[in-house]
Amino acid sequence: MRYDAFISYSHAADGALAPAVQRGLQRLARRWHRPRALEVFRDQTGLAVSHALWSSIKVALDQSEFFVLLASPEAAASPWVNQEIEHWLSRHSVDRLLPVVTSGEWVWDADAGDVDLERSTAVPPALRGVFGEEPRHLDLRWARAEHELDLRHGRFRDAIAELAAGMHGMSKEDLDGEDVIRHRQMLRMRRGALAVVCALLLLVAGTAVAWRNARGEVTATNVALQRQRAATAAEQHRTEEAADQARSQQQIVEAEQQRAQKAAEEARGQQAVAEAEQQRALRAAGEARRQEGIAAAEQRRAQKAAAEARRQRGVADAEKAKANRAAAEAERQRKIAADEQRKAHEAAAEAERQREEAVKQQRIAIGRRLLGQAGEARDRDPRTAIQLGIAARHIYPGPQSQAGLVETLVRTHYAGTVTGHTAVVSAVALSGDGRTLVTDGLDGTVMVWDPTDRAAPRRLAQLTSSTAPVYTVALSGDGRTLVTGSEDGTAMVWDLTDRAAPRRLAQLTGHTDVVDAVALSGDGRTLATGSFDGTAMVWDVTDRAAPRRLAQLTDHTAPVTAVALSGDGRTLATGSDDHTAMVWDLTDRAAPRRLAQLTGHTAGVDAVALSGDGRTLATGSYDGTAMLWDLTDRAAPRRLAQLTGHTAQVYTVALSRDGRTLATGSEDHTAMVWDLTDRAAPRRLAQLTGHTDAVDAVALSGDGRTLATAASITRRCCGM
């Protein structure tokens, strides 16, 4: 048997909708003499009892012209539906696959040229990659109520017409017109049949009346004959004229009798016709009753299917409820296990914390004893005192041991002094490894020192290539590159690979006044300079012999007296006599971007320093204070603390690479060392009082263990 369409669907999702679609396709535009407009296969109506279910379905698929897919999440997950699609596509064109979405989502990915299976919950996996372009699908997600699943419902009838149009080989509008014509023909035929029946009934009644009239005429004729015979017998004696008249009258009567007989025969023929029409009417009525019986049977099947669908939904809901209960119980057990595991971890963590606390207290006690012994041995055996202080700091590297070690160092003769400049020493710099110290003076000289023996630093070289006073110096992290800034507005780049024989690589020009500040990034690729001309400049020194100026910063309104770069070179800080410091983004070094302006000092900002990670900024000012700033959000710096230990201008600040130690130098002839473990509450560790003049410069080695300070004439180097 050939089918016009095969319906593939999920019983759980569309047990009621699938029969309604089948009935609609079979009835829409049906001719009066045919039981169905289309032959539609659906598993519950098209299959007989068989031992080979899939084989029967395959036969139906092969004999079907169109494949109607009722797409839903349940159908997408059904192995039967996917198997039916795969078999259909192996033997038919995808053009004859008609998708009808009954629930879920059907989403087309225009970029991929395929159905979006991630967002399409109603699309079976078997349809991946089969469509050459976006298919037109019918949306029946609204059709759920019983009254919506009937051709008398306008929207449902319209949807069925759209689905059936292609199967009939005509447009939807033509199919609508055809259905209207068929409906009107059926009404006309019903009315005609009723009229014929009524006419037949009237004809039968008329024939019966005619037959009765004919019988009356025959009777009357017989009476007339009898009377005629009597008259003839009685009046035989009448004249020939009367006899002729009688014969003539007899002929007339015989003619009337013949007409009556013909009328009777015609009445009998009409009665036979009426009886035949009555039989046809009875057969038509029987066919009508049979059709009503078929309709009633279809309705009963539909009701049974709906009841079965409701039962299946009930079973599915019950299974879902059981699954939900099982999932809830599994989740409860998981939470119990997780809680027990958390308690076990907490107990283990508490035990570990108590053990660590015991070890910590033991280290603190040992460290305190060692610091006490160091204090006792400070005068009689300085070397032993320092060793004890170092041991105490190693055992417990806390603020107390750090302060004790610093105090021991500054109170012994192991703080070294270097001399040699004939004018004010304006700057000092230490390499990251603490092996190279550079000092500069207003006498125009720059000296290179080896501070390995901090008690007796050794001078390695003296740079005298400039006759102008040198105001500032900076060393790269590896100690191989030195930059100096001079009164004549120039900066110079030096190669210290051989520290005993420094070699000048380049001279930088561009400033129009004293270069008072220089700084190198951690990777040695970026140089920043600041000048009394009110500008700062950014240079590329990747090629040290041929530096390139990248940008000039002109936002300050007074001399730029301090610059500092973060370890990664992405952050620049500048300080100025305009009482402000500024933070710059150097991600694009050729186009620096100002992120923030820091205010708070009441006099010129003469010193800035950045920690290695760029999160901490220190500023020093002529107002006698130093300030700490949090640059975690560089666009919104936050002031952490104000350091007020000095009694005069703060000329210089230096931060260790880890940002935990700060050194400051002041006009009050002292340098101070601060513990920044808690940046919001800095703690002064030591005050260094060995200088007899203003401390113009301080420098910390990368590991924070060596501090160099410079006063107007002397330089000191001490261990930390």
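A Cβ is built for glycine as well, from the same backbone N, Cα and C atoms used for every other residue.
What Swiss-Prot records for Glu84 is active site, and it gives sequence analysis as the kind of evidence. Per Swiss-Prot, NAD(+) binding site is recorded for Ser10, His11, Ala48. Marked as coiled coil by Swiss-Prot: 313-362. As annotated by Swiss-Prot, compositional bias 'Basic and acidic residues' applies to 256-268, 307-359. Residues or ranges marked as domain 'TIR' by Swiss-Prot: 1-131. The region 'Disordered' annotation in Swiss-Prot covers 231-275, 292-359. Look at Swiss-Prot and you will find 420-459 tagged as repeat 'WD 1'. Annotated repeat 'WD 2' per Swiss-Prot: 465-504, in sequence order. The repeat 'WD 3' feature in Swiss-Prot is assigned to 510-549; the stated evidence is sequence analysis. Per Swiss-Prot, the feature repeat 'WD 4' maps to 555-594; the stated evidence is sequence analysis. What Swiss-Prot lists as repeat 'WD 5' is 600-639, and the listing cites sequence analysis. Sequence annotations record features per position, and here Swiss-Prot assigns repeat 'WD 6' to 645-684. Feature annotation from Swiss-Prot assigns repeat 'WD 7' to 690-720. Among the features that Swiss-Prot reports, transmembrane segment is placed at 192-211.
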Of the stretches 465-504, 555-594, 600-639, 645-684, which racks up the most C-beta pairs under 8 Å with the repeat 'WD 3' (510-549)? 555-594
Rounded to the nearest angstrom, how far is the Cα of Glu84 (active site) from the Cα of His11 (NAD(+) binding site)? 14
What mean pLDDT score does the repeat 'WD 3' (510-549) have in the model? 94
Across the domain 'TIR' (1-131), what are the DSSP residue counts per state (helix, strand, coil)? 53 helix, 25 strand, 53 coil
What's the CA to CA span in angstrom from Ser10 (NAD(+) binding site) over to Glu84 (active site)? 12
Close in space, distant in sequence - Glu84 (active site), Cβ under 8 Å, 6 or more apart: Phe6, Ser8, Ile57, Leu61, Phe67
Contact set of the repeat 'WD 4' (555-594) with the rest of its chain, CB cutoff 8 A exclusive, min separation 6+ beyond the ends, reads 477, 513-514, 516-523, 525-526, 528-536, 538, 540, 601-614, 617, 619-621, 631, 634, 637, 657
Within 10 Å of the Cβ of His11 (NAD(+) binding site), how many other Cβ atoms are there? 18
Let me check the 10 A CB neighbour count of Ser10 (NAD(+) binding site). How many other CB atoms are there? 22
